[in-house]
Protein chains: 2
Amino acid sequence: MPSYPHKQTYGARALNFTNPTAKSIFETLERKKSNLAVSVDVTKAEDLLAIIDAVGPYVCMIKTHVDILDDFDFSLIEQLQHLSEKHDFLYFEDRKFADIGNTVALQYSSGVHKIASWSHLTNAHPVPGPSIIKGLSSIGLPLGRGLLLLAEMSTKGSLAVGEYTEAAVRMARQHRDFVVGFIAQRRMEGIGAQAGEDVTDEDFLILTPGIGLESKGDAMGQQYRTPREAVLGSGCDVIIVGRGIYGTDPKAVNIIGAKAERYMAEGWAAYLERIASN
Amino acid sequence: MPSYPHKQTYGARALNFTNPTAKSIFETLERKKSNLAVSVDVTKAEDLLAIIDAVGPYVCMIKTHVDILDDFDFSLIEQLQHLSEKHDFLYFEDRKFADIGNTVALQYSSGVHKIASWSHLTNAHPVPGPSIIKGLSSIGLPLGRGLLLLAEMSTKGSLAVGEYTEAAVRMARQHRDFVVGFIAQRRMEGIGAQAGEDVTDEDFLILTPGIGLESKGDAMGQQYRTPREAVLGSGCDVIIVGRGIYGTDPKAVNIIGAKAERYMAEGWAAYLERIASN
């Protein structure tokens, strides 16, 4: 019998985790009354900073792809850290690590981006097997970082389904000190559990991409759901919104801020409805 | 009935491909009499250049992870290009793209590394579905680049097996202009073919990692096979060797060169035996 952790408040769920990043995330969700993560996929540092400053008041988390910034320089990290303190949110570098243990340990700690040194949360595909968690946790765990596994994807024709998803959850279950949850479309507690395995107190943080208020998809296979569908209908904890908020003009900070506020309100209302439906 | 393209010579197989990078790879294999790719996973540009210069005479390809270089600067690319002309080999940035189409297009074209601008070959996980190929080919195809899909992995507990592998091959089959082959452990022709589908002339380039003469594995789940097992036994086209060649001392260029020569000789002997066994 799986647990229903998503019927508890975010604040109460901070106590279900030992990982410091997981605790911080749930505490931030509760404190800011926002379960919105904004994904900022721009290629200029100036645009990244402007968008983060505009959406900062309304988010629990900023999702980055620092590897697409043409003018990335490590001094940018200080500016990013300043914004996270100013607006009280965490960073999630959406690196989608997907290599063998030895390689991902280097990719996480080294290179020009030094992701482990600043990103509270990152993610990995389970496809290489458990060695990818071992490699990443050798770097991230001493720093108090957290990892999400990609148990499902929101794209058409995704292969992260069925037995693949079950194997991902089993891998996470074996590494609860570092793996705090999933990129997924729904709750993952109890998925792929072995016969007789006790999963009654299980709690995973679920971040879900592919959220839109208006769009239904893009030309490259991305598919969309509304905040209410994701949070109330599917029990996801954090909604990730990208181009739906910052559109095509990174300079339109008033519009961007207003859109983030609207997504935040919709996501939070869905959460309140969810915990009230006990 | 699948074809047996690996019984043909590398030179003859260049004619089986329309993709310019695939043609170049097979022509280089034939011309240099080497089916060895060296994977150079170091964090200093100076060490990268020294190792490439040492193994250059013995390889068809250099496999890089530029994202682990602490002191990467785009001027390094010119030095890398100089070495590829000096020694006649191609670059394969082992990026393992694994995101949605819109994101991988940016990761491939942009950021500080601008992979598409210099790396002849790169690779991607099929897990997001066909949109990942669409995103990458929108950037790489106009530049004449080629893509490998990761159909299998050499790590313990890999999820790239069975139906996952079959789906990867079907995705490749639908995009033969850009997807030239696989990271895999064996031949992939005919895998996952639909009933009645004609795959008799199919030819995929197979690169295989996890090759060693001595080691049997590392502490992080990597498993090893010999060049003969991979090329003759399993029909792989290019063997990838990393730490087995450059070990722990990037300055020991004489030892590194001698090791590369030994792997090249073993890989080529296995290939000659393979095409003679018609």
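Cβ atoms are placed via backbone N, Cα and C, with glycine included.
Curation plays no part in TrEMBL annotations; they are all automatic predictions.
Here is what TrEMBL records for this protein:
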| type | residues | note |
| --- | --- | --- |
| DOMAIN | B:35-256 | domain 'Orotidine 5'-phosphate decarboxylase' |
| BINDING | B:D41, B:K63, B:S154, B:Q222, B:G242, B:R243 | substrate binding site |
| ACT_SITE | B:D94 | active site, for OMPdecase activity |
| ACT_SITE | B:K96 | active site, for OMPdecase activity |
| ACT_SITE | B:D99 | active site, for OMPdecase activity |
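Chain A comes close to B:K96, taken from the recorded positions B:K63, B:K96, B:G242 by a C-beta to C-beta distance under 8 angstroms. Of all Cβ atoms in the shown protein chains, 25 besides its own fall within 10 Å of the Cβ of B:K96 (active site, for OMPdecase activity).
Closest to B:D41 (substrate binding site) by Cα-Cα distance, out of the active-site residues B:D94, B:K96, B:D99, is B:D94. For B:D41 (substrate binding site), the Cβ neighbour count at a 10 Å cut-off comes to 20, with all displayed protein chains included. This prediction places the mean pLDDT of the domain 'Orotidine 5'-phosphate decarboxylase' (B:35-256) at 95. Taking CA atoms as the reference points, B:K96 (active site, for OMPdecase activity) and B:S154 (substrate binding site) are 14 Å apart. Its Cβ taken as reference, B:R243 (substrate binding site) is surrounded by 15 other Cβ atoms within 10 Å in the chains shown. Distance from the CA of B:D94 (active site, for OMPdecase activity) to the CA of B:S154 (substrate binding site) is 15 Å. For B:D94 (active site, for OMPdecase activity), the same-chain residues that are 6 or more apart in sequence and have a Cβ closer than 8 Å to its Cβ are B:S39, B:K63, B:T64, B:H65, B:T122, B:N123.
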